[in-house]
């Protein structure tokens, strides 16, 4: 995939109507936004376009369907920018209200369209809706990395009707850090993979085995790898149908000279509850117990590997992070990354949440804004929302 995409700074935007696809898919509780990270991430692109005298038309999805309105986002964005963001309340997204709001815009004005998923066509990338969206604007800017792996009307379809399609600052930053890490990393390059399932990370491991110096495995997926190596795992989570694959991966890593680190001890309990942990002596987990986090020896092993690295990518927690007794491994990895003299990249999703909760967010080089998108990027897949932009 070509990472050298044109950006907003490469084109003339003054006096133009610019349709910007943002990622405003934020959590709401009683109409209040509970996590504003995605709004903060969108501000640099919006501010640049406003300063350059563009007419800025923002669009985004919110939730899985039409049930939520972007009205609270318009209100909050207005406060953050210190400038009115006109909300075009319109069930058709591009209906009379939206057309009127856009026709009345002056240079530097901002309009936010209603949730793109109010239209059934959006997720099916049906040309009719793409054409309507494109008809509002002269230029398209994609700044929603979180949906770059989806070929929808507002991410890909519009580019069929607008010749100028470039990325905003957020996607530019994602391409810079994720792209460089995958294509030309400063070595040693360490990838840390956690989370519950091996099956979710198969393609990532496959792709990264050709690129990294060390792979570190934690979380529920570690037990499948350990069982494949002949260790006892008690009642821990295991994917029986992935044991053969797990064995192959470890062998493949050895063949390529890639270090493949698995836990050497564990924090375990008799059931899936936040009770005090028992720490195992070694890799084996006693009968009637399940692994819920990596143990202290493993923390040291992993921290040492991170300390020596120059590029680190992390995707997925080391244990059941929601349980206070089983968040130690995740904390240890986050701390090691925060202290490392390396380019540190958090691949969105649970790891990003963990790092922010722990207060290490500002110590990382880059926290990806897309869980699924960053995962597909690490799998080496082409992301349609980025492929559609001008080279």
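Each Cβ is built from the backbone N, Cα and C atoms, and glycine gets one as well.
Small disclaimer: the values here were computed from a predicted structure and weren't measured.
Per Swiss-Prot, substrate is bound by 23, 24, 25, 61, 62, 63, 64, 117, 150; the candidate from 38, 89 named for the same site is 38. You'll find the Cα of residue 61 (substrate binding site) roughly 18 Å from the Cα of residue 349 (ATP binding site). With all protein chains in the displayed structure included, the most crowded Cβ environment within 10 Å among the binding-site residues 63, 291, 349 is that of 291. Cα separation, residue 63 (substrate binding site) to residue 349 (ATP binding site), rounded: 16 Å. Under the DSSP three-state reduction, residue 291 (ATP binding site) is assigned to strand. When secondary structure is read from DSSP and collapsed to three states, residue 351 (ATP binding site) falls in the helix class. Of all the Cβ atoms in the protein chains shown, 20 others lie within 10 Å of the Cβ of residue 350 (ATP binding site).
With respect to their backbone Cα atoms, residue 25 (substrate binding site) and residue 291 (ATP binding site) stand 34 Å from each other.
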